[in-house]
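Undergrad: Grabbed the feature section from TrEMBL, which reads as follows:
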TRANSMEM  35-52  transmembrane segment
TRANSMEM  121-139  transmembrane segment
TRANSMEM  145-164  transmembrane segment
TRANSMEM  176-193  transmembrane segment
TRANSMEM  199-232  transmembrane segment
TRANSMEM  244-266  transmembrane segment
TRANSMEM  319-341  transmembrane segment
TRANSMEM  353-372  transmembrane segment
TRANSMEM  378-397  transmembrane segment
TRANSMEM  404-423  transmembrane segment
Amino acid sequence: MTIILYGLLLFFLLVGGYVIQKESGKALFGKHNRFNQVLFIILCVGLLVRYFNIGELPGLQIDEAMSGYDTWALANYGTDSALNSWPIYLIGYGTGPNALYSYLSLPFVKIMGLNLISTRLAMLSLSSITLLVVMWTLLKLKIPRYLSLAIFFVLTISPWHIMISRFGLDANVAPHLLLLAFCFIQLGIEALGKRKMIFYSFSVFLLGLTAYAYIATWYFLPIFLVLILIYFMKNHLIDTKQMILLMAILVVTILPILLFAFIQYFGEESISIFGITFPKLIGSQNTGQTILFQEDFLSALVENLKRIVVFIIYGGDGLIFSSIPGFGFIYNLAGVFLVGIGLRKINQENTHFSKITLLWFWSCIPLILIVVPVVHHWNVILFPMTIIMGYGLYALYSFEKVEVFQSSVSVLTILFVLFLFNYTSKYKEEQQDSTYMAPTTLGDVLTVGNEKKLETIYVDRSSFKQLKNWTFIFFRFYDPISPEAYQATRDTPYDRLENMTIKHYGRYVFLEDGEKIEDTEGSVGYLGHSGTDLDELEELKDFETYENKDFVLLYKE
């Protein structure tokens, strides 16, 4: 696994070096080529911090575990956990997650098995490709050098982008697809002949794919597409024939997800077409993500605006996998300052790059107003915000006071280093073992249970830091069983109105607070978090013990 991981890193570094050298026409490490060398150093640092120790930090995130198991099930059995064959959308919790990331991850999981690295390689690869395409676009468009460096620098040191690159959250696919589509739109504008429509067609295809990547984009995408169409027609960037062709590509791309949406609102049950399942979800994500369905919408909007202000100033949503306290998603007030002056700077430009960036940014505002302010709910706006921050940094250089620009870069570099220190040390434990995260040591202790061939393992759920009712999700990731076996051992086997379980999963029995083990016959085990008072477990006093940093397993073979 390590060979594949760092082989990918080396591949992307080599491609990055080649792109810089090809677009500049100069040897990367030749004399008088400082711009290319600085750009390559930024790329190297950006990739290294995204790849380093990705198999341990962060710990296994609960949504990552949920979609990871479904990926494994699809790779090995052709169905998800709900026994749906090749679904357009996963049942998961009953309301998702989306299936696109599972399909992107499927080759890695099929080859490498289900583990943290295989589950994350698709996101890591997508992040790496995005960095390279952004760099290529900046060079290809001949964006002013200091502006290119500013945008790329801000992107590579972004706390938000570093964190989303390091774990496999399905919602984080959407912003990458949007940024890639944005880049191909820009390249299409500058291209000639057939290449123009190739770039445009691919960008429209990617925009359509975002509808599969995150339901929140359904509120954003129509606004953005309409504004882009108006902009293109107004500026004579496409003719009527090209517009019809691009719209046809979009319709074909989104047709399956439109059928899925129709089933959610008007259908009675799931349907299958040529082995592809269009599932009827058990619940709706809308109630938990947006304020649209509140009885008093205006009051809810006012409250949401208050939360947004706090969210921007504080820079976090209380979820340790989304942001680190003190740094937020854009370095808190430092980022807000750069966005402020960046908006002023970008509005002064009259380029397609700046205008379409602003179209993207303002298209997100209606969505931002109606979704609960959580970092991954804001994913669609954070890339244009990052570009605008780059403009803000460039504006400081434009003041013709080199000292101000250099000082700003130094401050951001210091913040970046401090962020990395906090991410890998101060908040390392919380990143690995908390409400929504489980450490790799859980996988280690479950492996011991498999090696000892334990028939039943009782889990002291009350001693775990993870979500009590959904603890099984982490166990299912580290010790997967077939989807059929999962359904058979659930609390309510094969119940189509429920896809979760609380008490039973495979060989595991999750104990309630104060619940005792009644049957110790046969090969059984007892699993608790480190710190569990073993003296109270008299019935297990003759059991053997395995213990690691976080967990203890008592067992009898």
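Placement of Cβ uses the backbone N, Cα and C atoms for every residue, glycine included.
Since the structure is predicted, the reported quantities are computational estimates derived from the model, not experimental observations.
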Undergrad: Residues sitting near the transmembrane segment (35-52): Cβ under 8 Å, six or more positions beyond its termini, same chain?
TA: 5-6, 8-9, 12-13, 16-17, 20-21, 24, 26, 28-29, 124, 127-128, 131-132, 135, 145, 148-149, 152-153, 155-157, 162, 165-166, 420
Undergrad: Taking contact to mean three or more C-beta pairs under 8 angstroms, with sequence separation of 6 or more, is the transmembrane segment (121-139) in contact with the transmembrane segment (176-193)?
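TA: Between the transmembrane segment (121-139) and the transmembrane segment (176-193), contact is present.
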Undergrad: Using a Cβ cut-off of under 8 Å, list the residues of the same chain at least 6 residues beyond the transmembrane segment (244-266) that approach it.
TA: 88-89, 197, 200-201, 204-205, 207-209, 211-212, 218, 225, 238, 276, 278-281, 284
Undergrad: Short question: most Cβ pairs under 8 Å with the transmembrane segment (378-397), which of 145-164, 176-193, 199-232, 319-341, 353-372?
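TA: The listed stretch sharing the most Cβ pairs with the transmembrane segment (378-397) is 145-164.
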Undergrad: What stretch in 145-164, 176-193, 319-341, 353-372 has the biggest tally of Cβ pairs under 8 Å against the transmembrane segment (199-232)?
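TA: By Cβ pairs under 8 Å, 176-193 leads among 145-164, 176-193, 319-341, 353-372.
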Undergrad: What same-chain residues lie close to the transmembrane segment (353-372): Cβ under 8 Å, and 6 or more beyond its ends?
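TA: Those are 141, 143, 178, 182, 185-186, 216, 219-220, 223-224, 227-228, 231, 288-292, 301, 304-305, 307-308, 346-347, 378, 380-381, 383-385, 387-388, 391, in sequence order.
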